[in-house]
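Enquirer: Quick one: the structure is below, and I'll ask about it shortly.
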Amino acid sequence: MAHDNSQSYQPSYSTRPTLRVDLPQIRINYEALKLKVGVAKIGASIKADAYGLGAVPVAKTLYGAGCRIFFVATAGEGKMVRDGVGPNAAIYVLNGPAPRDKGVLLGAKLKPVINSLEQARYWADVSRSINEPPYTAIHIDTGMNRLGLSFDDVVELGRDKSMWSALNPEWVMSHLACASDAENPMNKTQLARFRKAAAQLPLTPLSLANTAGIYLGKPYHFQMVRPGIGLYGGVATNKPEQEIGRPVATLMAPILQVKWVKAGEAIGYNGTYIAPRDMRVAIVGAGYADGVPVSMSNKGTAILHDEEVKIVGRVSMDLTMIDATDANLSVEVGGVVIFRGDHLETEAREAGTLNYELLVRLGQRCRRDYWKPKKKESE
Ligand SMILES: *Cc1c(COP(=O)(O)O)cnc(C)c1O
């Protein structure tokens, strides 16, 4: 069979990939989670630029849906969100108050999460030195051994009435290590430790659950839950069928060239793929710099015209090759190949990583295309 390597062109296309973010779906996911947790508040986790989707547009969308509590990792992220959503939202900084961030924290009226006695002492001093100090959240480590006060620290803080009132805690929180697996005994252990530690402190609203924690049931909800991945439609537990969030992000990349490769020829860096037959290969304008993991080389999939196509050869920095031999519809320059969307979990598995990591790396170089919520939702 002779193959024609001349190609047809779509009249106009960009060589740059686009990350499409479905903002109305983020709102729908928020409302579904809100319905599920009932009276508990939702503090939205929008750290790391809202998992790569854009902290400001995501925060504005959630604010429009009624969300008034946000969690970011750093003071710099907090300031960006403050500028985006205005004065009426509570913005918590998970990584705690570092002295060099004092100006940003106070200037943008951010609320630090207190993770240690050192941070507690430091921030109590800051609070005493200013008028109208911000509320804080006290973070207890109940077994994850990541950030947070130990039980002994909590006892000490509980005894120090002066420090407690200087800190003005609005929330006492902890974080679950194994909530994606409801059967893991660690969940109940952390729940019990959280209750016991909180009992050492003056009565304060409590928060324990991330997205996965929400699915552990009411006893884990307390007065606020802190979903992140669930707002963005990522699967958070090992029982995806129970989850209500739907995907919001799609990476769309243009076909830059189409060529027939003869059987026996190698494709891509280091020739890791040898064409087993004459193959029609599409060279697509998205690579690992755009968040397509190298680990998907020769095993990942993408979507072309609603059909699954295989990645062939090593993913390179700006380009990925796919096998389009059996594609039923036209394969032409400017055509769109989809790398993400409703198959984030499939791809994470193929890449040997987490859907969280895939998502967060996506937006870094891509043009972002936001679907704006309509002014009045007519649902
Ligand atoms: C990231 C984070 C969350 C949100 O977790 P998801 O699994 O994305 O729902 C909640 N709380 C803390 C402390 C976090 O670091």
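Using the three backbone atoms N, Cα and C, a Cβ is placed for every residue, glycine included.
Straight from TrEMBL, here's the annotation block:
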ACT_SITE  LYS47  active site, proton acceptor
MOD_RES   LYS47  N6-(pyridoxal phosphate)lysine
BINDING   ARG146, MET317  substrate binding site
DOMAIN    248-371  domain 'Alanine racemase C-terminal'
ACT_SITE  TYR269  active site, proton acceptor
Enquirer: May I ask for the distance between MET317 (substrate binding site) and TYR269 (active site, proton acceptor), taken between their Cα atoms and rounded to an integer number of Å?
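Expert: Given the Cα positions, MET317 (substrate binding site) is 11 Å from TYR269 (active site, proton acceptor).
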Enquirer: What are the DSSP helix, strand and coil residue counts for the domain 'Alanine racemase C-terminal' (248-371)?
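Expert: Split by secondary structure, the domain 'Alanine racemase C-terminal' (248-371) comes out as 25 helix, 45 strand, 54 coil.
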Enquirer: Counting other Cβ atoms within 10 Å of each residue's Cβ, which of the recorded positions LYS47, ARG146 comes out lowest?
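Expert: Output over recorded positions LYS47, ARG146: least Cβ neighbours within 10 Å is ARG146.
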Enquirer: LYS47 (active site, proton acceptor) to ARG146 (substrate binding site): how many Å between their Cα atoms?
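Expert: Roughly 16 Å, rounded to the nearest whole number.
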Enquirer: Rounded to an integer, what is the Cα-Cα distance in Å between TYR269 (active site, proton acceptor) and ARG146 (substrate binding site)?
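Expert: On Cα coordinates alone, these residues lie 39 Å apart.
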Enquirer: What number of additional C-beta atoms lies within 10 angstroms of the C-beta atom of MET317 (substrate binding site)?
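Expert: A 10 Å sphere around the Cβ of MET317 (substrate binding site) contains 12 other Cβ atoms.
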Enquirer: Tell me, what is the mean pLDDT of the domain 'Alanine racemase C-terminal' (248-371)?
Expert: 91
